[in-house]
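As given in TrEMBL:
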DOMAIN    134-359  domain 'Peptidase M24'
BINDING   H199, H297  substrate binding site
BINDING   D216, D227, E353  divalent metal cation 1 binding site
BINDING   D227, H290, E322, E353  divalent metal cation 2 binding site
Amino acid sequence: MASSVSLSSFTSSSSLQLCSSFNGEYLAPSRCFIGAPVTSSSLSLSGKNNSYYPRKFYVSAKKVSGLEEAIRIRRMRELETKTKVRRNPPLRRGRVSPRLLVPDHIPRPPYVESGVLPDISSEFQIPGPEGIAKMRAACELAARVLNYAGTLVKPSVTTNEIDKAVHDMIIEAGAYPSPLGYGGFPKSVCTSVNECMCHGIPDSRQLQSGDIINIDVTVYLDGYHGDTSKTFFCGEVDESFKRLVKVTEECLEKGIAVCKEGASFKKIGKRISEHAEKYGYNVVERFVGHGVGPVFHSEPLIYHYRNDEPGLMVEGQTFTIEPILTIGTTKCVTWPDNWTTLTADGGVAAQFEHTILITRTGSEILTKC
């Protein structure tokens, strides 16, 4: 589950000010890395010594000009077909069902009992051997829950139903659904459909063929959080949406590939930005990855865009990488629920997330099963 970062982080690292993960009242403007526009050109005809054969040249030019025009029109239509982005109907809020109950015997994270939105911890999370074993268990459970949730993504299924299934599976495993009660979040999982960047609240809206949906699962097991997300297809999905999802997953892989002891955190954003720009997509700056372990959100903050933030990775450290890519703008609007954050232009967004462990030679993806 992503953290949110304020505009001050773009202007001065010494005056970094963090807001809560789900504070929708302040919207930081975002930079856009937009690929070069597609252009087209038509063929030109020129001839040598055409002054000697003015009549023949005129006739030939007329014939070729007609052929060129037909080719040009066909190419333009093909280009429009390939590049036109289909838009699903705008996302509308459905009915949010009552908060689901958790049995008393299941341990809760501290923020649930306090009812207070926790600050992002300034301490890096380096669990140690016993803690890493517990992290592996929490992350493996999160991955299994996410895979199961993905099998439920079908037309006519509601995100409320997905939330209930996720909740039940986590509870049956003796774990607590980390989002439930975090800063007032009313559900056990985040379900972000189409133009929703992240933190979508499950409701009564039925999924439709052509939707894409990010499901963000975090579980709290034996004192440790495991955090992961993936974007799934519902029914027949437009090819332009599929390309965005594919590249977003590749961006996550590119970011993970640079991770190892002693590597600089800023390499993650550089690699992700390079890959996204290659395909003309934009990286959302407002939401960032974060340290995770006994604490849900902590330093280091993982920026998915180009940045000059200092800091080196340490062996044994655990954190998330979770880039969000958009087809259009990265500017966002937040619904009155202060959670659900959508692209300002209604363009679709996609996200993938893993929790990783830094090793001496690289990194280990913990959220796998």
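The backbone N, Cα and C atoms fix where each Cβ goes, and this holds for glycine too.
As the structure is a computational prediction, the values presented were derived from the model and not from experiment.
For the pair D227 (divalent metal cation 1 binding site) and H290 (divalent metal cation 2 binding site), the Cα-Cα distance reads 10 Å. Using E322 (divalent metal cation 2 binding site) as the reference Cα, a 10 A cut-off selects E353 from the binding-site residues H199, H297, E353. Its Cβ placed at the centre, D227 (divalent metal cation 1 binding site) has 30 other Cβ atoms within 10 Å.
Cβ neighbour count for E353 (divalent metal cation 1 binding site) (all protein chains, 10 Å cutoff from its Cβ): 26. Among the binding-site residues H199, H290, H297, the ones whose Cα sits within 10 Å of the Cα of D216 (divalent metal cation 1 binding site) are H199, in sequence order. Rounded to a whole number, the C-alpha distance linking H199 (substrate binding site) with H290 (divalent metal cation 2 binding site) is 15 angstrom. The distance from the Cα of H297 (substrate binding site) to the Cα of H290 (divalent metal cation 2 binding site) comes to 6 Å.
In sequence order, M1, A2, A142, C190, V217, T218, T228, S229, T320, E322, T355, T367 are the same-chain residues whose CB sits within 8 A of the CB centroid of D216, D227, E353, the residues recorded for divalent metal cation 1 being left out. If you measure from the Cα atom of E353 (divalent metal cation 1 binding site) to that of H290 (divalent metal cation 2 binding site), you get 11 Å. Looking only at the domain 'Peptidase M24' (134-359), the predicted model's pLDDT averages out at 97. Other residues of the same chain near the divalent metal cation 2 site, with their Cβ within 8 Å of the Cβ centroid of D227, H290, E322, E353, are M1, A2, D216, T228, S229, G289, V292, I302, F319, T320, I321, H354, T355.
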